[in-house]
Ligand SMILES: Nc1ncnc2c1ncn2[C@@H]1O[C@H](COP(=O)(O)OP(=O)(O)OP(=O)(O)O)[C@@H](O)[C@H]1O
Ligand SMILES: [Mg+2]
């Protein structure tokens, strides 16, 4: 029966097979109840991870869905030329919805005027994602297009175009060589393609009408898009099938690329979700380690007996390996199922406050949760149990032969390995893994040294103290070997909770700052120099909050280091928009808010251009990277026969998320002032100020007004959803943290209960015992709290810089709050857990230990 | 029976119909002690004999107020233990010393720390010196800095005895105080016990298998079939007692 090689079996045929014995011992272990704590820790761990993973997965999908609406599809292929016909066919064959569209700029003409507009030619199926709101007039809220698109010969226009052309619905307008009838007013376009930087008014026609207009010729500047939507697997399959066929001019857009303002929010949110999951894993690791250590402590004697009866250490280990294996499987199944159940309940409770309904979770969270359980078991439970192997049979006779202490390198080594593996698995990000592991190691080492050092330092003072603090301190000091892991566990739990809440606050703050309610929702472009004062006055009179008027010089980058720009840039940048069109240049003496110089230096505020010197240029960093520009490069811009020569003086990052006017190229003042220029302003228009806008449009017909309110609205909605996600995760982490803290305290009580009972037999009053133990708990809590603050500051410092791109600042409330909370929880839980000492006869307490 | 008595024969321990019933693992009641009536006067020395599992330790724990009786009454130092709560019983125990069969030393404290504990809890002044003194008297003056797990069983037992002595109790309960000791050391401990009994009038209640120790006590009881039987002054052999009811 036994095919497991076993040292003791050989030559002792009369013994029951080791397999049978092992199984019986295993069953006995399960029945004894001592495994309960370890099993619950594992179930809790797997459950926590499962919930986080399920919720994160669903929220992630939900957010991507939302963002896909902004983009118009789950996947978009963009190209300056028509895309091959079969791509569309392929997509349809692969169960995807697909709709091609074409966008170009064209002059529209009516009987009353001309206006340059962005024309979007759409096909059946538009919009794949989101809603197109159309209506008959500006005053009534439009209705969903319900899949309707302009019929042949129809054009739908937005309000700006309507007023610029001086037409009403039913009038005719000309696009190229074809006449169209204006039939609908566009009120909300889910995917204002090309980003909101396409400032022109909007028009929509049927894709089939494009040839008849004769506007689109080979070489015209147009953007073709193939919008795709469908199930994730189909999208992914299509994506990989299409990738090898992409040319340099083609761009695959996914949610993150297309919308930087949402993209970075999603990115950070995702990182946050990762962080909380990792936090949950660390919490679980702590729980499992504590429970396993306790189990090992309780098993030392029986193992000694087993080996005293002649069972080899290998046999003993064999039993415990099997024990771990079965434990791992059972708890993983239970934990993951519980997690699935709980998250469905939680999500359905929150569903009503979510802007979109969350798609169901995929299978990955199951794998993640159950795999995590196994890794936790390996990393955090294996080592303590492994030590049982080293228990000597002498232990029966002399109880001082303790197995190798839990602080051995292998314990921490294994735990660290498991942790690093898990963090990497969760984040797929070496940087995060590195920084987090580094942070944790630093925290653990520093905390250990501090704790031990402090206790050593205080020990000699003991005899000078009154009796209660003296006994408390002595107990702490003499328990230091067991107290240290406890303090570390407490501190780690608090650290994770603190970190998760600090990051949450700062993330939300940064989003709130990014898009305050009164963030500018309109841009005014093409303000002529001579209109400057009048325009500003008009805004002020209408009590519209506005930005300063920024000068814009529009020029084309022609030469880089004395060669044609097209030849100088890397090959894949040849089709870059920045080379195809004019760039916006402006001048500034000071670095704009929200911009950061990443290379070179900003010029001094009082910079004076000397007549012969080359103009210093400040270039947006991402543009510079795309075009391969670096400090010291010589650039020439051209406009209307004039030249601007300059040298790249610094590179600067721009915050595109804040919807403020941003510029690719900035020069010092005075250099550009003589060039042809227009002005740009952004302003916030409250809903009730709408009539003033119409007034403005009439007063300054040549000024282009761009309404980005809808986009802001959509972005806000996404942020709101992300915020909610973060709140849910935070609450959950907090909950787990508190539960775990309580469990950790409880786990440390065995010794204290015995101690308390003994104090009791010696006639100590309840008050005395409470005060001594209370003092101990206060010290433990304080120490853990301070270490947690220290640790969270260190880790937050590393994470902020490296991952969230947030500015880090010390938070003094945390220094106060965390130790207080820690003391409160640990002391309360500790005293509560030891209260039986006061109520039960000491002999019963002692017997129960 | 309860008439006021001269000081010398003040009753320190008295039980009326004392019984202890436990629930075993299958929730079946298990009666260990039943209808025990016992009276011990101040300054007496009493030995309790009985076979293993007879309930000696259980009885001792009850008498010392460390456990709760199921039935009957216990008076310790005139205090009705069964009517007191845990807090009040602890108060009574301040005058009581107890040597556990399993020693019950605190493993993380040194021998000295263990012996100091009752003194410190009672708020004694020169607790360190006193504790050291007691350790010397049980022959462990040179091991005071050692932890229990560095001491032999007998040494641990002596630390436990020193701890019980240190509180200068009125009543000292000892559960097999010489069980782990060799003849000579055992003799020293026994001498020490009776010296305490003589000099300070400490009442001794001992559970023992040691005949010599039992012989030196004024009274001997045999615990058998949940009952306590007073033995005649004639020699009692606890091993035989098991065989002959
Ligand atoms: N908490 C308990 N639960 C179950 N049974 C108990 C409990 N305490 C004592 N017993 C049982 O009561 C009986 C008496 O125990 P006790 O320890 O008093 O015996 P003893 O006379 O001191 O024996 P020994 O001489 O071996 O020390 C034993 O059979 C024991 O198993
Ligand atoms: Mg006993």
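Every residue, even glycine, has its Cβ placed from backbone N, Cα and C.
Just so you know, TrEMBL annotations are computer predictions that nobody has curated.
Straight from TrEMBL, the features:
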| type | residues | note |
| --- | --- | --- |
| DOMAIN | A:277-384 | domain 'ABC3 transporter permease C-terminal' |
| DOMAIN | A:728-842 | domain 'ABC3 transporter permease C-terminal' |
| TRANSMEM | A:35-56 | transmembrane segment |
| TRANSMEM | A:272-293 | transmembrane segment |
| TRANSMEM | A:323-343 | transmembrane segment |
| TRANSMEM | A:363-381 | transmembrane segment |
| TRANSMEM | A:401-426 | transmembrane segment |
| TRANSMEM | A:432-455 | transmembrane segment |
| TRANSMEM | A:483-503 | transmembrane segment |
| TRANSMEM | A:724-745 | transmembrane segment |
| TRANSMEM | A:777-800 | transmembrane segment |
| TRANSMEM | A:812-832 | transmembrane segment |
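Remote same-chain residues near the transmembrane segment (A:812-832) are listed as 490, 494, 498, 502, 738, 741-742, 745-746, 748-749, 752, 770, 773-774, 776-778, 780-782, 784-786, 788-789, 792-793 (criterion: CB distance under 8 Å, separation of at least six residues from the stretch ends).
Tertiary neighbourhood of the transmembrane segment (A:483-503): same-chain residues 272, 275-276, 279-280, 282-283, 286, 289-290, 293, 406-407, 440, 443-444, 447-448, 451-452, 455, 476, 729-730, 733-734, 737, 740-741, 744-745, 747-748, 780-781, 783-785, 787-789, 791-792, 795-796, 799-800, 804, 811, 814, 818, 821-822, 826, selected by CB-CB distance under 8 Å and a gap of 6+ residues from either end. Across the range of the domain 'ABC3 transporter permease C-terminal' (A:728-842), the DSSP-based residue counts are 99 helix, 0 strand, 16 coil. Put simply, of A:272-293, A:323-343, A:363-381, the stretch with the most CB pairs closer than 8 A to the transmembrane segment (A:432-455) is A:272-293. Same-chain residues lying 6+ beyond the ends of the transmembrane segment (A:272-293) with a Cβ under 8 Å from its Cβ atoms: 37-38, 40-42, 44-46, 48-49, 52-53, 56, 59-60, 372, 376-377, 379-381, 383-385, 406, 415, 418-419, 422-423, 426-427, 429, 432, 436, 440, 485, 489, 492-493, 496-497, 499-500, 503-504, 507, 725-726, 729-730, 732-733, 736-737, 740, 743-744, 747, 799, 804. DSSP states for the domain 'ABC3 transporter permease C-terminal' (A:277-384), grouped as helix (H, G, I), strand (E, B) and coil, give 94 helix, 0 strand, 14 coil. Across the domain 'ABC3 transporter permease C-terminal' (A:277-384), mean pLDDT in this model comes to 78.
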